[in-house]
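Report on the following structure.
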Amino acid sequence: MTSEVVENEFEFYSKAEKYWKDVPATVDGMLGGYGHISSIDINSSRKFLQRFLRDGPNRTGTTRALDCGAGIGRITKRLLLPLFKTVDMVDVTEDFLTKAKSYLGEEGRRVRNYFCCGLQNFSPEPNSYDVIWIQWVIGHLTDNHLSDFLKRCRAGLRPNGIVVIKDNMAQEGVIMDDVDSSVCRDLDVVRKIIRRAGLHLLAEERQENFPDEIYHVYTFAMR
């Protein structure tokens with residue numbers, strides 16, 4: 001539980017904002033010096049996502065996606081824009097969203113909105129998104145804020161839409177990282193928060209071929 005490791009909520013959020021303001025607006029910056037894993041990450045995410053976009057009665061649409069904790073748009077550029085007609089981006093760091101406009105290039109014209117906002121204060125427009133993609137950012141939300149945000153995401157989905165979380169998982173419990181002011185939860189804690197938000201888990205997958213020294217990374221799809 002984050003209540004056990006986050007002593008001061010205001011400080012938890014403001015410290016994280018300050019940390020990201022000093023991070024270079026590059027792919028390497030977004031990935032904490034692990035820019036070289038970006039292609040492995042994107043390729044796995046694409047395979048995971050495409051199983052929901054294939055033909056079938058419950059097929060997820062490809063009209064509009066939302067990239068949460070989008071940074072400079074690494075996922076928007078390489079995963080979402082190639083698959084969806086339009087994309088919205090939300091990130092707490094204004095400099096990253098400014099950089100995204102040049103980083104995304106010509107295809108960036110299909111990004112409809114750049115929302116500068118922390119996810120604890122962000123509400124996706126109801127009934128608007130086929131996919132809400134949340135990667136490497138849930139550690140910046142307390143349990144209560146994450147659960148509430150996921151409830152708002154659920155309301156933001158179009159019919160057959162999905163919410164996807166891809167993030168680091170601790171071996172056990174909740175671990176605080178004082179450097180970037182984030183937490184890393186274990187699988188059971190994350191699953192409990194998903195259930196608490198009224199979402200049903202459709203798929204869960206462990207990322208392969210990442211460096212041994214980093215946390216295990218899991219992807220969840222839910223609606």
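Using N, Cα and C of the backbone, Cβ positions are placed for all residues, glycine too.
Residues or ranges marked as S-adenosyl-L-methionine binding site in TrEMBL: G69, R74, D91, V92, T93, L119, Q120, Q135.
Recorded features from TrEMBL, shown on the structure.
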residue: G69; record: S-adenosyl-L-methionine binding site; Cβ contacts under 8 Å, 6 or more apart: V90, D91, V92, L119, I134, Q135, W136, V137, H140
residue: R74; record: S-adenosyl-L-methionine binding site; Cβ contacts under 8 Å, 6 or more apart: V27, M30, L31, S38, I42
residue: T93; record: S-adenosyl-L-methionine binding site; Cβ contacts under 8 Å, 6 or more apart: E17, W20, K21, V23, G71, C116
residue: Q120; record: S-adenosyl-L-methionine binding site; Cβ contacts under 8 Å, 6 or more apart: Y13, L141, T142, H145, D148, F149
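Across the residues the record lists as binding S-adenosyl-L-methionine (G69, R74, D91, V92, T93, L119, Q120, Q135), the two Cα atoms farthest apart are 22 Å from each other. A simple way to gauge crowding: the CB of Q135 (S-adenosyl-L-methionine binding site) has 22 other CB atoms within 10 angstroms, across all the protein chains here. Its Cβ taken as reference, V92 (S-adenosyl-L-methionine binding site) is surrounded by 24 other Cβ atoms within 10 Å in the chains shown.
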